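Below are the structure tokens for one structure; questions will follow.
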Amino acid sequence: MTSDLVTGLINTGQKPTGVRRLSHETSLMKVNVVNATASSGVLPSLQTAPPKIKDLLENDVKWEFDIIELETLTGRRPLIWLGLSIFSKLNVHTSLECDDATIRNWLQLVESHYLDNPYHNSTHAGDVMQATAYFLLKLRKKDIFDPLDEAICLISAVVHDIDHPGKSSAFLCNSDHELAILYNDRSVLESHHAAFAFKLTLSDEKVNIFQKLDRDVYRSVRLSIIDMVLATEMTKHFEHLSKFLNAFQKPMQEEEGFEAEPLQEHGESASLRSAENIILIKRMLIKCSDVSNPARPINLCIQWAHRIAEEYCAQTDEEKRLGLTVVMPAFDRATCSIPNSQTGFINYFVRDMFRAWSGKLPSPLCYTAKHAYAHQVHPRK
């Protein structure tokens with residue numbers, strides 16, 4: 001079970017013969033900014049937020065924040081509400097020299113291009129953004145990022161799964177999906193998320209949150225966002241983790257002994273703030289945020305576990321229907337064990353990464369270490 005899950009998540013896909021194309025494929029990266037931003041009428045405003053939403057957003061940067069409740073209260077539009085709140089709290093508009101209306105339009109446009117998948121939807125994007133904000137505020141004590149870095153991290157979290165089709169990259173490769181063809185079977189989904197995010201953002205000045213940035217600054221911001229989104233690819237998980245450990249394990253050991261590097265403000269070594277290490281920290285930040293739901297309070301953890309299982313089981317159903325290779329046999333509706341699949345994911349991916357992160361940087365207590373997880377994540381009837 002566990003080996004099937006791990007293999008499926010790091011599988012890049014191999015094309016079998018005789019595959020058929022998906023019936024629901026559409027032209028690549030179509031954008032209609034006017035319709036998308038106007039479809040819901042008046043856009044949300046924190047000043048006029050309903051009392052229940054306003055009360056919930058008071059805790060928007062706490063680790064126990066209930067994104068599922070926000071999803072319910074907002075009619076499945078949590079990203080724009082949470083985005084407005086967190087972007088305001090971390091002064092993203094100031095960092096980008098961007099007015100509030102443009103940020104609001106952008107958040108609305110981005111959320112409208114998250115599909116209604118069980119897991120990879122705008123609620124997941126909001127959840128990842130919220131975890132990112134939590135980590136960023138903790139990192140302020142170490143004075144690693146400047147305000148523009150913080151904005152980059154939040155934007156990357158918001159767009160990291162935009163237009164996700166609810167199927168893995170391996171599925172897209174195996175089915176000869178147009179995105180797999182476009183990106184040569186390499187980092188298919190992540191490449192699409194990054195490219196589509198910029199296509200949307202640059203498509204109209206009403207949503208272009210980068211329009212006031214100097215050209216050189218914009219190029220730097222763009223490269224950093226792309227790098228962070230690409231870092232969420234699970235096939236590169238152990239590569240990113242290894243680079244992070246190699247960069248920080250030795251400095252960590254030296255700081256504990258007599259060979260410690262000279263300390264600067266807030267007691268941090270100069271190496272932590274090097275350009276190369278900031279890139280590694282950003283990658284690890286979004287990776288930890290992306291898979292943070294197993295470390296959330298158990299009630300949220302269970303709901304996310306059922307959502308991802310439903311999405312993966314739907315992929316298995318489709319693979320069987322199309323006669324494709326089943327990428328993740330663990331997610332067969334007839335035999336799927338949600339507790340086993342989730343504990344396997346935690347053991348192989350989450351635990352070591354959170355340990356690496358918390359060894360050098362602030363991290364929440366991993367709730368999965370406290371809960372009898374396998375007994376609580378029970379199958380729903």
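Don't overthink the numbers, they just go from 1 along the chain as shown.
Glycine too: its Cβ is placed from the backbone N, Cα and C atoms.
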For the Zn(2+) 1 site that TrEMBL assigns to His160, Asp161, Asp290, which of the candidates His113, His124, His177, His192 is also assigned?
His124
Around the Zn(2+) 1 site (His124, His160, Asp161, Asp290), what further same-chain residues have their C-beta within 8 angstroms of the site's C-beta centre?
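Output for this site, in sequence order: His120, Ala125, Val128, Ala157, His164, Thr232.
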I need the least crowded one of these binding-site residues (Asp161, Asp290), counting other C-beta atoms within 10 angstroms of each C-beta.
Asp290
Can you give me the average pLDDT across the domain 'PDEase' (45-381), rounded to a whole number?
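PLDDT averaged over the stretch: 91.
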